[in-house]
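Features reported for this protein in TrEMBL:
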type     : residues : note
REGION   : 1-26     : region 'Disordered'
COMPBIAS : 15-26    : compositional bias 'Polar residues'
TRANSMEM : 34-55    : transmembrane segment
TRANSMEM : 127-151  : transmembrane segment
TRANSMEM : 163-187  : transmembrane segment
TRANSMEM : 199-223  : transmembrane segment
Amino acid sequence: MQKPSHFAREDSQEHLPTSHTQNSHTVNMKRRTLSGSCGVGVFVFAFAFIVIAFATPSWLVSDYRITGAKLDRLGLWVHCFRSLPDVNDDSQRRFFVGCRWVYDPFTTGYDEIRGFLLPAFMIATQFFYTLAFIGMLVSAIGVLVFILCAGPDQKHFITLIKSLGYVLLGAGVSAAIAVIVFAGFGNRNGWMPEHANNWFGWSFILACVGTVLTLVASTLFLSEANQEENKTKTFRPLKEFSP
């Protein structure tokens with residue numbers, strides 16, 4: 001009477017999933033860890049802030065309460081003046097009013113004051129923040145691939161995450177250099193008129209916040225890559241011997 005029950009017990013045990021099989025299925029199903037998910041969320045905000053700061057002309061703004069101020073606001077690529085006299089015209093007969101692209105080739109005399117509009121520190125700010133902007137565009141493509149296409153079962157999944165983390169790190173460092181340079185020299189005496197009545201605008205604030213978030217996103221993606229490497233090392237033997 002016990003023999004059939006013994007065979008039934010062995011048969012039921014053969015159909016039970018082992019812990020190795022369960023772990024293997026769990027690894028295959030989970031595409032990313034909490035670090036990766038948080039990295040994607042932080043990147044979205046960092047990308048938005050970096051792009052907006054790159055394109056908007058409010059890095060340095062004048063006090064709107066002063067009616068006779070010469071500066072209105074300026075950014076990396078566009079300068080807006082209420083009434084800026086030509087620094088090369090001693091007779092003060094030429095004034096620049098309104099917003100213009102800093103490399104505007106059409107306004108008479110604007111190219112003559114380009115050296116005043118773009119001192120060395122401003123060119124450095126443009127250069128490093130442009131590198132950060134390009135890095136964010138490249139990272140955006142990588143994040144889309146990470147979300148939509150890549151998975152732990154693919155060969156270059158960890159390489160993708162590492163590359164994404166290092167590109168974001170480079171973008172964050174470049175953006176940090178840009179905002180530090182502009183913070184140190186952007187409102188100094190001797191550049192824009194009436195510097196005591198000027199302050200850093202909301203575009204510059206977004207640039208600073210975007211820089212911090214970019215570095216945070218970089219850290220999260222590098223942490224994600226490290227966790228994926230550890231999971232691969234841990235569960236690779238289990239996958240090899242799992243039924």
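Every residue gets a Cβ built from N, Cα and C, even glycine.
Beyond the ends of the transmembrane segment (199-223), by six or more residues, the same chain brings 35-36, 38-39, 42-43, 45-50, 52-54, 56-61, 63, 73, 75, 129, 132, 136, 161-162, 164-166, 168-169, 171-173, 175-176, 178-179, 182-183, 186-187 to within a C-beta distance below 8 angstroms of the stretch. Sequence-distant neighbours of the transmembrane segment (163-187) (same chain, 6+ residues past either end, Cβ-Cβ under 8 Å): 43, 50, 59-60, 119, 121-122, 124-129, 131-136, 138-139, 142-143, 146, 195, 198-200, 204, 207-208, 210-211, 214-215, 217-219, 221-222, 224-225. Using a Cβ-Cβ cut-off under 8 Å and counting only residues 6 or more beyond its ends in the same chain, the transmembrane segment (127-151) has close neighbours at 31-32, 36, 40, 43, 46-47, 50-51, 53-54, 76, 157, 160-161, 163-164, 167-168, 170-172, 174-175, 177-179, 181, 207, 211, 214.
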